[in-house]
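As written in TrEMBL, here are the features:
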- His237, Asp280, Leu281: S-adenosyl-L-methionine binding site (BINDING)
- 139-411: domain 'SAM-dependent methyltransferase TRM5/TYW2-type' (DOMAIN)
Amino acid sequence: MAHPQRVPPLRRAMRELDRAQFARHVPLVALRVPAAKANKAMKALDSHLLNWPRLRNLIDDPISPPKGTPPTKLILLKADVTDPAKVPTELPQVVKALSDLELSVETVTYTLELGYDYWSADEILKAVLPEDAEVITAFEAVGDVAHMNLRAHLLPYKNLIGQVIVDKNLRINTVVNKTSSIHTQFRTFPLEILARRANTATNQTATHLRTTVTENGITFHLDFATVYWNSRLHTEHGRLVKRYFSTGDRPALVADAMCGIGPFALPAAKSQLACVFANDLNPDSYEWLMHNIGANAIPFDAPPAPAESSAEQKEDEEKYYVMPPPASGLVRPYNLCARDFIRASVTKLNDEYASVVRPAYLAAAANEDMRARTKERKHKDGAAHRATAERLRSAVAHWGRARGQDVWSTT
C-alpha cells in the first residue's frame with residue numbers, strides 16, 4: 001500500500017479541474033552529506049531511502065555551504081520518520097551504515113513539494129471520482145485524438161476526465177467521447193469534445209477531427225468524425241497484409257470491397273507490389289483514400305468519372321487523376337456500393353487488365369531493370385532490382401494466362 005502522503009489529496013466534490021488543489025507538502029528527514037561521498041552513502045542506505053516513483057533520492061542541497069567548504073547533497077530518507085531526533089531510535093540501521101562508512105553527516109528536515117504534475121492520471125482521477133466508481137483512463141489513440149467511451153456514472157466528470165487525459169499524455173491534443181452507438185451505414189458515430197490542448201487547431205470540432213496515424217509503414221490522414229477507423233485493428237491489418245498479399249513469388253491482384261481509407265489496400269500496394277482495386281461506399285473515405293495514395297507516393301490510376309456524374313462532380317474529381325506513371329504497385333480507387341463493386345469486379349479486372357494493369361507492371365519491371373543496370377555499372381549489387389523486375393513480369397504472365405482462361409478471382 002502506498003504511503004498516505006504519496007497519493008494526492010482527495011477532492012471528491014471537484015467537477016472542473018483545479019490543478020492547484022492537488023498540492024501536497026510532505027515532511028521528510030534528509031541526510032546532508034559531502035557531494036563527493038553521496039553515491040557511496042546511497043548504496044549503503046538503499047532500503048532506507050524514500051524510493052518514491054518519479055522522484056530522485058539524491059537532490060541538490062538548497063542551502064549553500066559556507067565559503068571554502070566542499071559542496072553537499074541531501075539524501076532523502078523514507079517518509080516513515082519525520083523528526084531528525086528520532087533517526088537513531090527509529091532507523092538504527094542508518095546510523096550503523098554511516099558509522100561503518102566512517103561518514104559524518106548532518107540530519108536535517110526537508111519539505112518535499114508535490115503538485116498536480118507529479119501525479120498520474122489514474123491517481124488524480126481516484127482522488128476525484130467517488131470511491132466506488134470505476135476509474136477509466138484507457139482510450140483508443142487515433143493520431144493525436146483520444147477516443148473514450150465513458151459510462152453514465154462518469155458523465156458528470158467527463159470534461160475533467162478529458163482534461164486530465166490531455167495533461168498526462170503529451171501525444172494527445174484532443175479527447176472525444178462517443179455519445180451513442182454506431183447507427184450509420186458508414187459505421188461512424190456521434191462524438192463530443194471533452195478537452196483539447198491549448199495550442200490545438202481551433203478548426204477541430206466534434207464533426208471535423210482531422211488527424212494523422214502511422215500504421216504498417218503508411219501515414220494515414222483522416223477525419224475521425226466522418227470515416228471509420230479502429231486503431232485496435234493495427235496488428236490484424238498487418239497480419240492480413242503479410243499473409244494474403246506477400247505470399248509466393250508474384251504480387252497479388254486484389255479487390256477490396258470495403259477498403260475504408262486503405263489500411264489493407266495501401267500497405268499491400270506499396271510494400272508488396274499488389275495491384276489493388278479499392279472500393280468504399282463512404283464518399284469521405286474515398287476522398288481520404290485518394291489523399292493518402294498521394295501523400296504516401298503510392299502510384300495509382302483513378303477510374304473515369306461515372307457517366308451519371310454531374311459536370312461539377314467531374315471537375316472536382318479530375319484534380320486527383322493527374323499522377324506520374326506507376327513505378328511499383330497500383331491502386332484503382334472506387335466509390336461504389338460494395339454489392340455492385342463485387343458483382344462488377346471480375347469484369348473490371350478483365351476490362352482494365354490490358355489498358356492499365358499490364359502496362360503499369362511492365363513499365364515498373366523496366367524501371368527496376370534500369371535501376372539494376374545503373375547499380376551494376378557502379379559495381380554494386382543490382383540483384384534485388386532484378387528480382388523485383390522478375391516478380392512483376394511473372395505476375396503479368398500469370399494474370400494474362402488467368403485472364404485467357406477466365407479464372408479471375410477476387411479477395
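In case you wondered, yes, glycine gets a Cβ from its N, Cα and C as well.
Note: TrEMBL annotation is automatic and uncurated.
Distribution of TrEMBL features across the structure.
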residue	record	Cβ within 10 Å
His237	S-adenosyl-L-methionine binding site	17
Asp280	S-adenosyl-L-methionine binding site	28
Leu281	S-adenosyl-L-methionine binding site	18
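When averaged over the domain 'SAM-dependent methyltransferase TRM5/TYW2-type' (139-411), pLDDT in the model lands at 80.
According to DSSP, Leu281 (S-adenosyl-L-methionine binding site) sits in a coil region rather than a helix or strand.
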